[in-house]
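Have a look at the structure below before the remarks.
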Amino acid sequence: MVVNFLLVSIGAVFGVLARVLSTNWIKKGWRHAFPLATFIINSVGCFFLGLVTGLSLETGFSLLIGTGFMGSFTTFSTFNIESIELLRMKNFKHFFSTQELPILLEFSRLLLGLFVGISFKKLTLMLVLAFVPDIFSLM
């Protein structure tokens, strides 16, 4: 139990650092009302969360990367705060695009990551099975 808590905590520290650095880097080149940094970070996070899930990694690694890192790297609280700010500014065009587009695209990134993870796991198994008989024939 304590080990699981530490794994999630360590992942969360690095996830939030990656989020802050990524947000600052993206915002340097983007000066528009649409919250691009949050959109990109959540999309990347959804893909990698799908990848980690698809790979069916051991519990410790899933807690470190999936729950800890990705949990603090992505955030829908920032997404919602930025949406409220767009409403406050009466920027309805960007408000509706931030409500619909990210959810559809981030879900598709999650599915893509899941597909890549499952495919990679199957490919690895096929390669192992293809070479194991050759190794035993050398003995």
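Cβ coordinates are placed from backbone N, Cα and C, and glycine is handled just like the others.
Per TrEMBL, the feature transmembrane segment maps to 6-26 (among others).
Here TrEMBL flags 33-55 (among others) as transmembrane segment. Listed by sequence, the residues of this chain that lie at least six past the ends of the transmembrane segment (33-55) yet keep a Cβ under 8 A from its Cβ atoms are 19, 22-23, 26-27, 61-62, 65-66, 70, 73-76, 78-79, 82, 86, 89, 91, 94, 97-98, 101-102, 105-107, 109-121.
If you look up TrEMBL, you'll see 61-81 (among others) marked as transmembrane segment.
Here TrEMBL flags Gly71, Thr74 as Na(+) binding site. Listed in sequence order, Val8, Gly11, Ala12, Gly15 are the same-chain residues at least 6 apart in sequence whose CB falls under 8 Å from the CB of Gly71 (Na(+) binding site).
Per TrEMBL, transmembrane segment is recorded for 110-132 (among others). With a cut-off of 8 Å between Cβ atoms, the residues of this chain six or more beyond the transmembrane segment (110-132) that come close are 46-56.
Residues near Thr74 (Na(+) binding site) in space but far in sequence (CB under 8 A, at least 6 apart, same chain), listed by position: Arg19, Ile41, Asn42, Gly45, Cys46, Leu49.
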